[in-house]
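As recorded in TrEMBL, the features of this protein are as follows:
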REGION    100-150  region 'Disordered'
COMPBIAS  138-150  compositional bias 'Basic and acidic residues'
TRANSMEM  164-186  transmembrane segment
DOMAIN    192-351  domain 'Sodium/calcium exchanger membrane region'
TRANSMEM  192-212  transmembrane segment
TRANSMEM  224-246  transmembrane segment
TRANSMEM  252-275  transmembrane segment
TRANSMEM  296-315  transmembrane segment
TRANSMEM  327-349  transmembrane segment
REGION    403-429  region 'Disordered'
COMPBIAS  404-413  compositional bias 'Low complexity'
COMPBIAS  420-429  compositional bias 'Acidic residues'
TRANSMEM  434-458  transmembrane segment
DOMAIN    439-583  domain 'Sodium/calcium exchanger membrane region'
TRANSMEM  470-491  transmembrane segment
TRANSMEM  503-529  transmembrane segment
TRANSMEM  541-558  transmembrane segment
TRANSMEM  565-585  transmembrane segment
Amino acid sequence: MLLHLLNNQRPLHSSSPRQAPPCQIIESLPPDHHYNHYHNFFPSSIEHTLLFSLDLLPCIENCLQNIHQTCRDQAIIFTVSTMHKVKSWSKYEGRRAIAPFSAHRHRPKDGETGTSSGTDAKPSHTEWKARRKQLLQQEKEKRRDERKRAEAHIDRTVLGQLKAALFSSYVNILLVFVPVGIALHFTSVSPIVVFVMNFLAIIPLAGTLSFGTEEIALRTGETLGGLLNASFGNAVELIVSIIALVKHEIVVVQTSLIGSILSNLLLVMGMAFFLGGINRVEQYFNTTVAQTASSLLAVAVLSLIIPSAFHWAGASNGQNEERLQEGIIGLSRGTAVILLLVYGVYLFFQLKSHAELFNIQSQKAPKRSDLEPSAMQTLLQQSANAGAATLGHAGVQGQAYPRTATASGSSSGEGKVETIDEEDEGEEGPQPELLLITAVILLAGSTALVAICAEFLVDSLDYLVEHSPISKYFVGLILLPIVGNAAEHATSVTVAYKDKMDLAIGVAVGSSMQIALLVIPFIVVLGWIMGIDEMTLYFDGFQVVLLLVSVLLVNYLIQDGKSNFLEGTLLIATYIIIAVAAWYFPAPSSTTTTE
């Protein structure tokens, strides 16, 4: 190409015609004459050589200009093509953005210029922004009006707010133990009495803390409300663990956290299955949500098994104990950070990207009193067939169990179950009972009182262990989790009895998952910050085995999306067996975790 351009160029500084370029003359010569003619054409003198070189420069210059022009043309073509594609994409996305407001476009009348009859007029950018602002303002005013209507029944007097806060639950009758437990700590009374009083005081405080959190969440929207519930859902366990960690009670910290998971999975869920299944043949729940939480819980269990396996394998190979401990510390801290990130991703999954998945309503179950024998037999047969179809395919629950209402007391001759309106049809969602400022004060006050009572409880723990047959292992694995899960226990059992199994499962499994993915890693990171190297993810083998078996049992029971009172009995029996084992388990020889 360069040779062709040189052959057809003229020098820029000369307008007269000239002979063929040197390259063309050389190319036209025979091969055996190239050498002689080369010397004839290119003089040996320096002057002629320079003149010849200057004569070639215009050709090279024009060649470069042609190359530059060609590249510039190609760049312009590419730029225009790209701009055309961007313009087409912008128009398409613009139509999609305006689509929600297309119903509000101006439709011109017949005879108006610029548009044809029966076609929508495209709004200008200013009109579109104004319309969008108007719709957003209307939505904001609608939410404000709904909030005002919801708060219209609230008693705004001080006495009314105190009544709503203190009488929100029957458990709040135990609030009388709060001042008693705090006062007894500063007296010469036996520490065992102080332990019992503060133990009973934390139970209603956990309920008021949960109540205040829910009141605030009702006014903050789904996303912020869900994040708030996630943050304060296990505040009692977190506060007790932090206080025990500060006092270097590592056994109490680890056993109380594992015990909270076991209590939620076995005791709370077992009571929900049992009491909810007494009046119903079976109950149904969203298996996708339940198994998502169970899968995350399995990941957390794996994070506890790995440090234990790391220590056991190293000890069996004769590794140095100090070196093994250093490896476990680094492994635990790195794993804790990863678990916190996983929990953050789960929050985004639940509150943002897949929020609608967690709002799917499950099938409602008929009561036994509403079923005749033939209808009950038909229902059991349909349930058995559906269970066989969905075994191993939890995601197709909606196809296997069509949404129905509670069954009628009558049935046709063929045994088909007729449906009637659901008991809770038309039932409104939860309404606020406290003013926002009252809810904030209740939340802050409950948190402070829980911290005070928990500190006094931990202070009296050593005396209790020394002067009674109760060990720290039993206190951490059984007693403290019952206190921390009192609110979840009451909520889960109540909603399960009303056949709201999705909420019951969400409270039990979700709380366990939050302990495993948020509280335990946070305590490990906090111990890292405080320089407490004993706080790691290396739990003793007894706790790890208990947790693993419990998670496997729960995953097996919830995979079909159904529950009954027998499954609840199995879970409760498993928890009682664990409690008996914890009572007889030998107490560790020190405050740190041992193998």
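Positions of Cβ are set from backbone N, Cα and C atoms, glycine also.
Keep in mind that TrEMBL annotations are predicted by a computer and have not been checked by a curator.
Source: prediction; values computed, not measured.
Ranked by Cβ pairs under 8 Å to the transmembrane segment (327-349), the stretches 164-186, 192-212, 470-491, 503-529, 565-585 are led by 503-529.
No contact links the transmembrane segment (164-186) to the transmembrane segment (503-529), because fewer than 3 Cβ pairs that are 6 or more residues apart lie under 8 A.
Cβ atoms under 8 Å from those of the transmembrane segment (296-315) belong to residues 261, 321, 323-324, 327-328, 331-332, 335, 338-339, 342, 346, 509, 512-513, 516-517, 520, 536-541, 543-544, 547-548, 551, 555, 595 of the same chain, restricted to positions at least 6 beyond its ends. Taking Cβ pairs closer than 8 Å, the transmembrane segment (503-529) reaches residues 230, 233-234, 237-238, 241-242, 245, 253, 257, 260-261, 264-265, 268-269, 272, 276, 285-286, 289-290, 293-294, 296-297, 299-301, 332-333, 335-337, 339-340, 342-343, 346, 358, 485, 488, 491-493, 495-496, 535-537, 554, 558 in its own chain, all 6 or more past its ends. Panel annotation: around the transmembrane segment (541-558), residues 254-255, 258, 261-262, 265-266, 269, 285, 287, 290-291, 294, 297-298, 301, 304-305, 308, 312, 477, 505, 509, 567, 570-571, 574, 578, 581, 585, 595 of the same chain, lying at least six beyond its termini, place a Cβ under 8 Å from a Cβ of the stretch. The domain 'Sodium/calcium exchanger membrane region' (439-583): residue composition by secondary structure is 119 helix, 2 strand, 24 coil, according to DSSP. With respect to Cβ pairs under 8 Å, the transmembrane segment (470-491) is most closely packed against 252-275, considering the stretches 192-212, 252-275, 434-458, 565-585. Using a Cβ-Cβ cut-off under 8 Å and counting only residues 6 or more beyond its ends in the same chain, the transmembrane segment (192-212) has close neighbours at 165, 168-169, 171-175, 177-178, 180-182, 184-185, 232-233, 235-236, 434, 439-440, 442-443, 446-447, 449-450, 453-454, 456-457, 459-461, 463-464, 467-468, 479, 483-488, 490-491. Tertiary neighbourhood of the transmembrane segment (434-458): same-chain residues 151, 154, 156, 161, 164-165, 178, 181-182, 185, 194-195, 198-199, 201-202, 205-206, 208-209, 211-213, 215-216, 219, 232, 235-236, 239-240, 243-244, 247, 249, 252, selected by CB-CB distance under 8 Å and a gap of 6+ residues from either end.
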